[in-house]
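K.L.:
One structure is given below, represented as structure tokens, and several questions about it will come after.
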Amino acid sequence: MALVGSTSITPTKSSFVQPQSQPFITKPRSNIHPISAVHAADSAKPPSAVKTTTKAPEPVLKTSNVGPQKWTVDSWKSKKALQLPEYPNKEELESVLKTLDDFPPIVFAGEARSLEERLAEAAMGKAFLLQGGDCAESFKEFNANNIRDTFRILLQMGVVLMFGGQMPVVKVGRMAGQFAKPRSDPFEEKNGVKLPSYRGDNVNGDAFDEKSRNPDPQRLIRAYCQSAATLNLLRAFATGGYAAMQRVTQWNLDFTEH
């Protein structure tokens, strides 16, 4: 996901400080007797007439220390990955992973820390989180116009939410790497033909044929290049004046012109 910007209007807040006062202290009264909650309505009976029963404590069952594993930053490594595709050529897969490991990161640490801070503000109710984008990106729909239109819609929605909610809006794009699709069934069957399920363009193709549905490691490199190009354009839009508030009012979406 790509952080595409944040616009904020800080609402005016008033604070009321309650003046401090001396605590109200009451003296204990010796003539007050405790009343059982069960017999509180029966005030005519003396305390001695009230029958009380004690229940023997239930035995404590010893349980083994088998509980849910405490979450840590690296705890995901101990979990079983259930959505990994089965690549027919393991050597080619290892070669592609080695190539990707040498590539520079798509998102940098400073951007991640900035997003973390803004998400924390949203979690505390000090900002509104807006996330939007495609369910899954595709290779064939990759072009500058689609990226621009998605970016512009997120900005316009952010302006509406900002003025309506009177709080900052954190805008997050579901793009620049949203290629994979989880599947409940690893295979798909049509007319008696059974092929691997489509798992997204970075794994295999959506056409129902054996060549397209076989997982191809080279798609991972193409997905990386497309993600890097998408973020490069988004950064240019966000910092080059395209996202300025003065321009937002000049935009007209296609559906409003017809």
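Including glycine, each Cβ sits where the backbone N, Cα and C put it.
Since we're looking at a predicted model, the values are computed, not measured.
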K.L.:
For the feature region 'Disordered' as recorded in TrEMBL, pick the matching range from 1-25, 51-75, 76-100.
P.N.:
1-25
K.L.:
Count up the helix, strand and coil residues in the compositional bias 'Basic and acidic residues' (183-192) according to DSSP, in that order.
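P.N.:
Secondary-structure breakdown of the compositional bias 'Basic and acidic residues' (183-192): 0 helix, 4 strand, 6 coil.
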K.L.:
Of CYS135, ARG174, which of the binding-site residues has the most Cβ neighbours inside 10 Å?
P.N.:
ARG174
K.L.:
Give me the Cα-Cα distance between ARG174 (phosphoenolpyruvate binding site) and CYS135 (Mn(2+) binding site), rounded to a whole Å.
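P.N.:
About 8 Å separate the Cα atoms of these two residues.
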